[in-house]
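Annotated transmembrane segment per TrEMBL: 26-53, 59-81, 101-124, 180-201, 235-256, 268-287, 294-312, 318-343, 355-377, 383-401, in sequence order.
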Amino acid sequence: MTVTETPQAQADSADLPLRRNRRFQALWVGGAGAAMSVNMALVAIPVLVLAVTSSAMVAGLYGLVTGVTAFAAGVPAGAILDRYDRRTLLIVSELVRALAFATLLLALTFGTPGVVHLLALAAVTGLTQPLSSGARMLATRSVVPPAQLTSALTQEEVRSHSASILGPALGGMLYAASRTLPVVGIVAGYVVSALCALAVPRDKEASRERRAQPGGGMLGGLALLLRVPVLRASIIALSVLNLGGSALDLLVVVLIRANGGSEAEVGFAFTIVSVGGLAGAGLVGLLHRHLSPGALLIGLYVWGGALTAALAVPLGFWWYGVVLALAVLPLPATMVLVDILIFRQVDDALRGRTITATITMLTVGAALGPFVAGLLLEYAGPVPAVLAVSGVFLAAGVYALSKRVIRTARWPRPQESGA
């Protein structure tokens, strides 16, 4: 048992199935509220910013500020998570996000928000994102015994992909009714998340113990990822995966539009993709039982590379959606793999920094993807761009295959896998 696992909380939940673990269910509901807020904002806020400023540049700048501040806050957030009570940090970060969007709601009710206000909102959203995400991942460990952690994470993948299906659609429908309604929904989701986080046990005593342990400073998590061969190789491979995946999002939009598809058909295609991710959550146990970590990671690249090449065939928006849905089927199993191979093998005194360092490094690939896709589209065209991304996936698979530490990686035994 690691120091954040509150003994009483663990004792209360050790013999309970997850469906009867009230702490976990409350945390899951809160996570669903936050995920719905994030996904509603993905659609509603850019449209709202465009409507109130009449500037596509400001709408794009909103997204840029959010991404840059989230990236900048990643490493410091990990250090904060390893020093202070994680329950309090989760509650505060969600309330700050709710308050930030509440100011937008007030501005819309009594007038029009200015550009500075909107960009400040983007900055607050970005700054709190890694703190909230990291605190939630750590909170799950405090309410679920180690033997049930993989099942709990699988349920969280179901929540994430369900929200990615429902959130954008709900955000769009609410905006069509009134431009203030999606903001009300976003605020409500974050408030629900904060209230549900009250179910998480406090870890003030554990936070004092973590502060007393040497941890390598603010960059301790990043240093660990780069120092341990299997972690370093896995992070590099997964960063390439994120780069290719985010590039594909833009490529598919362009492919559908180039073949006469409408905005509605673009949205429907990505709904199909989200359904694929949701279905993939049901395959986590099966894939983990029959594949080693290395085989799963290498197979993901080969699978993704082959299916990406199929996007070069112009059969309509449904084809692009189905192909990408098949491509993302192994992704939930891969996300749980990251937790098992990286986060569970790290001492709790360093776990917050390791989680946020991992998220930060994976964000680099995701941020570069659209830029790479734009260059390929500009200078090569849609079909060559698709084939190039397919080649990136296959090259990443070759890289993973060439690394003995990945090929020979094995799932840790239950007694070796800390929560």
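Cβ atoms are placed via backbone N, Cα and C, with glycine included.
Among the stretches 59-81, 235-256, 268-287, the one making the largest number of Cβ pairs under 8 Å with the transmembrane segment (355-377) is 235-256. Within its own chain, the transmembrane segment (318-343) has Cβ neighbours under 8 Å at 137, 149-150, 153-154, 157, 161, 225, 230-231, 234, 238, 241, 248, 252, 255-256, 268-273, 275-277, 279-281, 283-284, 287-288, 293, 296-297, 299-300, 303-304, 307-308, 310-311, 351, 354-355, 358, 409, 411-412, 417, counting only residues six or more beyond its boundaries. Highlighted: of the candidate stretches 26-53, 59-81, 101-124, 294-312, 383-401, 383-401 has the greatest count of Cβ pairs under 8 Å to the transmembrane segment (235-256). The transmembrane segment (294-312) and the transmembrane segment (383-401) are in contact, since at least 3 Cβ pairs between them lie under 8 Å (pairs 6 or more apart in sequence).
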